[in-house]
Amino acid sequence: MTGNHQTLALLLFSVFVAVTLAITTWVSRNRHGSAEEFYAGGRLFSPMENGFAIAGDYMSAASFLGISGLIALFGYDGLLYSVGFLVAWLVVLLLVAELVRNCGRFTLADVIAARMRERPVRIAAGTSSVTVSVLYLVAQMVGAGSLVALLLGSTGGAVQEWTVVGVGGLMVIYVSLGGMRATTWIQIVKAVLLMGGAITLTVLVLVRFHGDFDQLLRTAAQRSGHGAAFLAPGLKYGGDWTARLDFISLGLALVLGTAGLPHILSRFYTVPTARAARRSVVWSIGLIGSFYLMTIVLGFGAAAIVGSDAVRGSNAAGNTAVPLLALDLGGGPDSTGGTVLFAVVAAVAFATILAVVAGITLASSASVAHDLYASLRRPHAKPRSEVAVARVAAAGIGVVAIALGLLARDLNVAFLVGLAFAVAASANLPVLLYSLFWRNFTTRGAVWAVYGGLVPALILVVLSPVVSGSETSLFPGVDFQFFPLENPGLVSIPLGFLAGWLGTVTSPEPPDEAKHAETEVRALTGAGAV
Amino acid sequence: MEKHDGREVAQTRAGDRGVLGDPWYDALASGWGELDGTGAPAPAVPPQAAPPERRAAAIYLEVQRSAAFQEVRSRYRRFAFPAAAAFFAWYLAYILAATTAPGLMGRPVAGAVNVAMLAGLGQFLSTFLLTWLYSRHARLRRDRAALELRWDTQEMTRVIEGGQR
């Protein structure tokens, strides 16, 4: 990769950063700092705008580069990710989006606290939301570091570290100055850029094969060196039973975790009604679905045009498959077209990461200020403005994420994302579904459901081969590995549901019938919704 | 006396639906199918003795037990629950087949396209289809009734809150 690519890519990075900073300044002019404004952007986004913003929040660089790369290397097994990430949206659409919009104000804890004793429930849900957000954030930061180092052709640690620090600093600026309104517009710009980039490359791949998808698949299978096996599952997850169970665990976490991601839930509060929330999910399913369909074309296209070996040679995890494909589609490394396309893809990937981290930071600062600080501060302390606390929290989370991102920089990004989804599915989803649909659910059940999912998920990760006991572990020297799977979802998600049920049936207090009635009526009709 | 108000209203509603001739109930019972906005019911105001939050709770209990609300809820649940169960089962079957039966999934169908490709594409298509069906169902069969209930409920709680001020 020559200097031209890097100069142009850096230029486009800078343009994107400048544009987003301009957006942040523009939308934050003359705004009074109300909580409504900071957390929910005034609640007046249209369904289409919010649909683009949701898609922007969800489609991370791990999807754009990671999934295409996995398909380029392992064929069909990479496609399983695409399917899981999309199907997950049905849980959100059918069971969560509208009801959450109607019941809550800013966070997940609002929905649960509406029918429970407020303090313990807020502390529990706030803790798990912040945990999930930080895990997801670290994944994105690590991804940003290695991506930028990769795209700039430098493998040195310094570039990676400065990228993590720079991304962290930018996201704190976006969030604490611009709040939800700026974050949403950044997501929208990013979603448009990402879709535009993906469409351009997909069209170029299809043109190369004269629109013949069958020909594309056959060429990909042939150039991968695996033949027909490339087009069937099993290359990556077809080994022993541990590997297969691990994949099932990951598949469950992907499909159930999305509905528990705090930064996705908080997006539904930016539209005025439940109907608008539903329509924004429909928009985002359309966008996300077509995006993942395109990643399939891009992945097989990279295998067919660049070749699996060339992809593997550039980056063992396959993360450079799409940039290499862009270079080739543009006319080769020495052509203007190739240079431009490569730089565009790099800039789009960078924009993707910046936008995603901003969304997560905002959601977790809301959890800190609105749930944890409000519940834990001394009752007679001087009350501070919640928004001021949230701005400080955004900076604090930025510092934590930068530190963890630097520590974890050698961990696999896809693993970290899968882990965040598994924790979200174990700690947040059971309590959310029980609160919305179970008449007899109690405060104790809610608290148990959160901790009963969160604690096992985290413990199982510590005891897994990811942390110790194998050569690729975080601590390869020691061995306290006990749990064979890398992803805890298969065990911890049922445990979360079980703990919620157990806490409820052993609860000494009866369920609050009146509050359940209020929650149910509000959830389904929107009465009293803010 | 004050503490029992909500519960009393609730029990009469649950035990003896519609016989009381309560205007709130009647209008809803006849109106959910043809909510045309005419003849909106005069909101029933619970006894004045109870404190406002108690009476608000009574209103929500009352609405929850009204036939109109039950209809909205069962329309929602009759669609969302089976649909959620169906797609989840279909997704589980898909990943189980991919991990345990790669031979079946690798069977060629046409050209380079095999069973696995079709199943993956099927997941995409079923997601799009279900999204369309659900939003259509909600738009045509639920939104108007839910909106009517929303205004009626807010009207009732507003009367209470207004009376307090």
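Each Cβ is built from the backbone N, Cα and C atoms, and glycine gets one as well.
Since the structure is predicted, the reported quantities are computational estimates derived from the model, not experimental observations.
Per TrEMBL, the feature transmembrane segment maps to A:6-27, A:52-73, A:79-100, A:121-142, A:162-179, A:191-209, A:247-269, A:281-306, A:340-366, A:387-407, A:413-434, A:446-467.
Panel annotation: around the transmembrane segment (A:162-179), residues 17, 20-21, 23-25, 27-28, 31, 33, 37-39, 41, 141-142, 144-145, 148-149, 186, 353-354, 357-358, 361-362, 365, 387, 390-392, 394-395, 398-399, 401-402, 405-406, 409 of the same chain, lying at least six beyond its termini, place a Cβ under 8 Å from a Cβ of the stretch. Residues of the same chain lying 6 or more positions beyond the ends of the transmembrane segment (A:446-467) and with a Cβ under 8 Å from any Cβ of it are 112, 116, 120-121, 124-125, 127-128, 131, 411, 415, 419, 422-423, 425-428, 430-431, 434-435, 473-475, 480-486, 488-489, 491-493, 495-500, 502-504. Counting C-beta pairs under 8 angstroms (sequence separation of 6 or more), the transmembrane segment (A:247-269) fails to reach the transmembrane segment (A:387-407), with fewer than 3 such pairs.
Listed by sequence, the residues of this chain that lie at least six past the ends of the transmembrane segment (A:79-100) yet keep a Cβ under 8 A from its Cβ atoms are 58, 63, 66-67, 70-71, 108, 111, 233, 237, 247, 250-251, 254-259, 264-265, 268, 274-275, 277-278, 280-282, 284-285, 288-289, 292-293, 295-296, 299, 429, 432-433, 436-437, 523-524.
The stretch with the most CB contacts under 8 Å to the transmembrane segment (A:121-142), chosen from A:6-27, A:52-73, A:191-209, A:340-366, is A:340-366.
Note: the stretches the transmembrane segment (A:6-27) and the transmembrane segment (A:340-366) are in contact (3+ CB pairs below 8 A, sequence gap of 6 or more). Using a cut-off of 8 Å between Cβ atoms, the transmembrane segment (A:52-73) and the transmembrane segment (A:387-407) share fewer than three residue pairs, counting only pairs 6 or more apart in sequence.
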